[in-house]
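The structure appears right after this line, and notes come after that.
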Amino acid sequence: MRRRLMRALGMIALALGMVIVGRGPLYAADGSIRIGSFLAVTGPASFLGDPELKTLQMYIELINTDGGVNGRQLELIHYDSQANPKNAVGFVKRLIDQDEVDIIIGGSASGETLAVMPLVDKAEVPFISLAGSIKIIDPVQKWVFKTPHTDRMACQKIFEHMQGEGIQRIGMISGTGGFGKSMQGQCQEVAGDYGIEILADETYGPKDTDMTAQLTKIKGTEGIQAVLNPGFGQGPAIVTKNFRQLGFEVPMYQSHGVASKKYIELAGEAAEGVRLPAAALLVADKLPDTDRQKPVVVAYKQAFEDRHGAGSVSTFGGHAYDALFMAVEAMQRCQCSDAAGVRDELEKTAGFMGTAGEVTMSPEDHLGLGLSAFRMLEVKGGDWALLD
Amino acid sequence: MLAELVQFLFAGLTAGAIYALVGLGFGLIYNASHVINFAQGEFVMLGGMTTVFAAAAGLPLAAAVAVAILVTVAAGLALEMVAVPTRNASVVTLIIITIGASISYRGAAQAFFDKQFHTLPSFSGEDPIDFLGAAILPQTLWVLGITVLIVIALQLFFHRTLLGKAVLATSHNRLAARLVGINVQLVLLLSFGLSAALGAIAGVLITPITSTNFEVGIMLGLKGFCAAILGGLGSGVGAVVGGLLVGLIEAFGAGYISSEYKDAMAFGIILLVLFFMPSGLFGKRTTERV
């Protein structure tokens, strides 16, 4: 009887011991700087999250073999949000409360980023978002930064180019997904500044498979000089094919949402002559040697493609690169990793050359990119060509 | 004006033909087993994705299509073998099994293939054909032509062959069919396989126009289900008419009213039809015998 009791007690003690040991690594600070991340690695926005995660993993590994930051190793704690804001909120809570991370780099999509902003603000953790929406940084929130250019900047860049071409009346066809909708709104707001009138304004669902009906309507509108299609995913590729099918004689403008080789592959010949704004990364090899951004984008492209295959680089992974190095440089400047110190230092980022362009932040601007971050491209012979 | 109308008409017919093929797949399985197979859309996805990857691996297009149909049929048969032997399971349980299967197929496609969108070259060029002022893709004619052929073939199969009649008999009364010596197990396998093949063909036909990825099956399955319900579940003519109607409502709705509400219009009209004709346009009006 006694023996059995002892054995039972022993078992319990053993089990408790295992629980404690098991919890060990979760809380072990062991001097590493903890970078938390939630990205849409799978799901509808996986084309964003997948290269972003690969980029973070690759460079954190490189930084660590080089001795880390301020003599401390970096540790990446990552969750897959599947671009679902609900998941993102849960994971960010976990990153803050349980994993006790020093900084959060993540949020592939705008929806999930906006959903977690109140949380990071309350917890006072610096957060660099990788999503596009202008709402993330306007109005400025103390703890939130972002690296990708905004939809508004893309609209401005496109309209600037149209202005140069003498285009004044356009038709617009936008996806109703988060990206298309946001950009549609931004373009409507800034079109007037460039003397551009939107005569037709059509939409399509993110999973629609045929847009000839909407495009026929645009074609029937008198006086259209160009068609603009804000959207991402396969939608713009179908719009492009339908556009050629209907035999439009005006130029087509796409957004930076399709700035990947996948778009040319999907739209095929129909993509010829399509113009779009994109980050310099896309045309890294074609930039003139005098371009100050060239060394950064060429190095990133090479590193990424060496590991993940030729042609695998995308601007989205570049956003993660920019965020990581902006954070690392801030930590190196202040020789700190505490939340308040890193945040203040991030805000002082000046002349940082990233894959998206040159970044100079201020308390009023948590993005710090100018219009020069975008290059106008045209699809020529199944590849990108610089327009300006 | 006429050009616009014809353009919308063909846009609607193309999408509608695909919905019709998916709807027919729903009907086939429903007739044989009273199960609504929510993995139907995944058959479309498997057909398209397998063709893309088989073609990328170096197979000529025709062989890639054959491989894709075989793979999809295998997936359909596997579903039947897993789902139906749960003998005492209610129809609801079986339906839930098909939902599970659809998620598994999606996951498997994501793991085996990838998460990207892919496309296939059109079967006979990309140059649009001018027809009454509207621009029609050659691929659209492929979609419509093959759909018509399949519908005719199915009609012949069900009304002219012994096996087809056996399937019909099973759909009317499974017990009676078994009593007259019909191998009900075989009929079930056949209808799942046939339904998967239909889905695969739809997937191959539509991929050059719309491109495909591991998730396209969700929406196509839903629209095909609407087609089947609208036409009357289990009715072959119903599925075809239902599919074309859903496609046409979408295209004309987007063209003439507003592209914002095209899905809402399609679903709204389905609700209206079901409100007044609960068994669909061509469904059998069943009377419960008390």
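Just so it is clear, glycine is given a Cβ too, placed from its N, Cα and C backbone atoms.
Because the structure is a prediction, the values reported are computed rather than measured.
Look at TrEMBL and you will find B:7-32 (among others) tagged as transmembrane segment. If you look at the transmembrane segment (B:7-32), the same-chain residues 6 or more away from its ends with a CB under 8 A from one of its CBs are 40-41, 43-44, 131, 134-136, 140, 143-144, 147, 150-151, 154, 167-168, 170-171, 187-188, 190-192, 194-196, 198-199, 201-202, 205-206, 209, 220-221, 223-228, 231, 233-236, 238-240, 242-252, 255-256.
If you look up TrEMBL, you'll see B:52-79 (among others) marked as transmembrane segment.
According to TrEMBL, the transmembrane segment annotation covers B:91-113 (among others). Proximity of distant same-chain residues to the transmembrane segment (B:91-113), defined by a Cβ-Cβ separation under 8 Å and at least 6 residues beyond the stretch ends, is recorded for 33-39, 41-42, 45-46, 49, 52-53, 75, 79, 82-84, 214-215, 217-218, 221.
If you look up TrEMBL, you'll see B:133-158 (among others) marked as transmembrane segment. If you look at the transmembrane segment (B:133-158), the same-chain residues 6 or more away from its ends with a CB under 8 A from one of its CBs are 2-4, 6-7, 9-10, 13-14, 17-18, 20-21, 24, 122-127, 164-165, 167-168, 198, 201, 205-206, 208-209, 236, 240.
TrEMBL lists B:179-207 (among others) with the feature transmembrane segment.
TrEMBL lists B:227-252 (among others) with the feature transmembrane segment. Counting same-chain residues at least six beyond the ends of the transmembrane segment (B:227-252), those with a Cβ under 8 angstroms from any Cβ of the stretch are 8-9, 11-24, 26-27, 30-31, 36, 147, 151, 154-155, 158, 171, 262-263, 265-266, 269-270, 273-274, 279-284.
Nonlocal intrachain contacts for the transmembrane segment (B:264-283), taken as residues 6+ away from its ends with a CB within less than 8 angstroms of a stretch CB, comprise 223, 226, 229-235, 237-238, 241-242, 245-246, 249-250, 253, 257. Feature annotation from TrEMBL assigns transmembrane segment to B:264-283 (among others).
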